[in-house]
Structures are given as structure tokens and as C-alpha cells.
Amino acid sequence: MFKGAGTALATPFTSTGELDLAVFEQLIEQQLAANIQALVVGGTTGEGSTLTNEEFETLLETAIRVTAGRVPVIAGTGTNNTAQTIEKTQTAARLGADAAMLVTPYYNKTSQAGLVAHFTAVADAVDLPIMLYNVPSRTGVAISVETAVTLAKHPNIQAFKEASGDVSFMGELMTALPDGFAVFCGNDDQILPYMAWGAQGVISVLSNPYPAETQALAEALLANDYTTARRIQSDLMPVISALFSDVNPIPVKAALEEIGLAVGAPRLPLVRQSEAGHAHLLETMRSYKGVVG
């Protein structure tokens, strides 16, 4: 699918709450200039759950047009409704997405058997590579190792984004999955240990404002240069902590504003950071000296 750092793109909005496609294109070009290896549209960071179907399609079409095949474009198509997920994933395939990322059904809190049935139904309905997305802190349900192994047998299910935060689970997962099945880290503070376990990259929030640094970290790990990787990961930790000091994507949108990308406020029910939180984020960003170059 890809190796290295992929960015879970933030979605820019105007002051009146509409999509800001000019800023979105600018964000994409900055990512590509920094050698980011993939782009995710309409995921958690992209506020996919508060986008209309028309907005999602517009963003995806824009990303596909701007990237022009330079890197894979992965569509965040997961919902907690199987029929809607199938329809959204079919739309992504029709528009030309390179893959679809499917979060576990949230709120419903289905069983492992239900997860197998849900993801299999989607995979059967589309001719598109599918990435499973495990983020139980946000969804209330986790994919077990056994379920992942079962789903990996489906030819269209080709990748797994692991964001449980459990390094032991990551080890069990990598041991159990077949060779060649792509696994990606989903937590910026765990890029080093997850890639040490064999993840072939990261789908990152951090890389929105810090694409070059995130890609440099991933490249060091792919090259087994753990001395460089430890330095980069360590130096980035205060920034990562600040970017997750509030619910994603609240801080990362503030960070993008700080570097000159007017991505606007998150959509309700999310709101901007508190003054104290924002001040801490900006202080941390200004203290960070960078590790690239």
C-alpha cells in the first residue's frame, strides 16, 4: 500500500463553516513537498463524521486531482452502519481512491463475530484495498488478534491501522498476521515501538504541521537506524503531547493555523481549544527546534 509516513489530513473550513478547498489544496501540496507517502481523506482528523456525503466526495475528488497519482489517496469510509459503509466505500472506489480505511463500527459495540460480518460485507461489495482501523478509545470496540487474522484472509482486506496504544497487542498482532499484510501505526507517540515490531509506516496526525519530521522518523526506522529514530521521536514527544492535549483534531487545527494554514475551527460538537490549552500548544511549538536538515 505504502511505506513511511502517511498523513490523516485535517479538513479546512471557512469562517462560515464551508469547505475551504483552496487551503485544502495548499495543505496537500505542503505534504507532498515534504515527501509524505500517502494521504487519508475524511478520517478522524478530517472530521469525517461531520462531513456530508457531498462534502466527503468533494474533498476526495480534490485530493485525487491534486495528488495526480503522486501518492496513494486513502478514503475514510467507515461508519457504524454497514449499508452506508458499503455505499460510501463504493463511492470512493468510483471516484478513484487507492484504498479505503474502515474504522470499527462505533456506538453499536458489536461482537467480534459482528466485526467479521461487517468488514466482510464491505470487502465483498467493492474492488478496492481495505485498511481496518482499530481505535477502541474512540469507538468502544476493539478488533482482536483472532478477528484480524480471520479478516486478513479476504483478498481485499490488505492493511491494519493499529491505534489501541497497546504495544503488547501490537506484538501479538505482528506475530499472528501473515507475511506481507501491511500494518501501520496509528499513534504518533508510538511510531518507534510499533515500527520496531514491524509496522511499515504510520498514519499520522503530527505530520499535518510536521510532515518532514514525521517522514524522517519513518525513514530512519525503515532503515533500521534506531539511533536517529530515537532522537527524532524523543525530540518530537513534547509536540506530540501538546497535539493530543485535547480531542483530535482540535489541537492540530490550531497548530496548522500557527504555521500559516487557515484551516478554521473544528465543527460542532467540537470547539476550539481553551486559552490555556492554546497557549501551551503554541509555547511547545515555538520551543521545538526541529530535527530535520
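Each residue, glycine too, has its Cβ placed from N, Cα and C.
Here is what Swiss-Prot says about this protein:
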type	residues	note
SITE	THR44	site 'Part of a proton relay during catalysis'
BINDING	THR45, ILE203	pyruvate binding site
SITE	TYR107	site 'Part of a proton relay during catalysis'
ACT_SITE	TYR133	active site, proton donor/acceptor
ACT_SITE	LYS161	active site, schiff-base intermediate with substrate
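Shown on the structure are the features that Swiss-Prot records.
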residue : record                                               : DSSP class
THR44   : site 'Part of a proton relay during catalysis'       : coil
TYR107  : site 'Part of a proton relay during catalysis'       : coil
TYR133  : active site, proton donor/acceptor                   : strand
LYS161  : active site, schiff-base intermediate with substrate : strand
ILE203  : pyruvate binding site                                : strand
As a whole number of Å, the Cα atom of THR45 (pyruvate binding site) is distant from the Cα atom of TYR133 (active site, proton donor/acceptor) by 13
Same-chain residues at least 6 positions away from the residue listed as 'active site, proton donor/acceptor' with a Cβ under 8 Å from its Cβ, in sequence order, are GLY43, GLY78, MET101, LEU102, VAL103, THR104, LYS161, ALA163, GLY186
Expressed in Å to no decimal places, the gap between the Cα atoms of THR44 (site 'Part of a proton relay during catalysis') and ILE203 (pyruvate binding site) is 11
Cβ contacts within 10 Å for THR44 (site 'Part of a proton relay during catalysis'), all chains included, total 24
So the residue listed as 'active site, schiff-base intermediate with substrate', by the Cβ count within 10 Å over all chains shown, scores 27
A correct count of other C-beta atoms within 10 Å of the C-beta of TYR107 (site 'Part of a proton relay during catalysis') gives 9
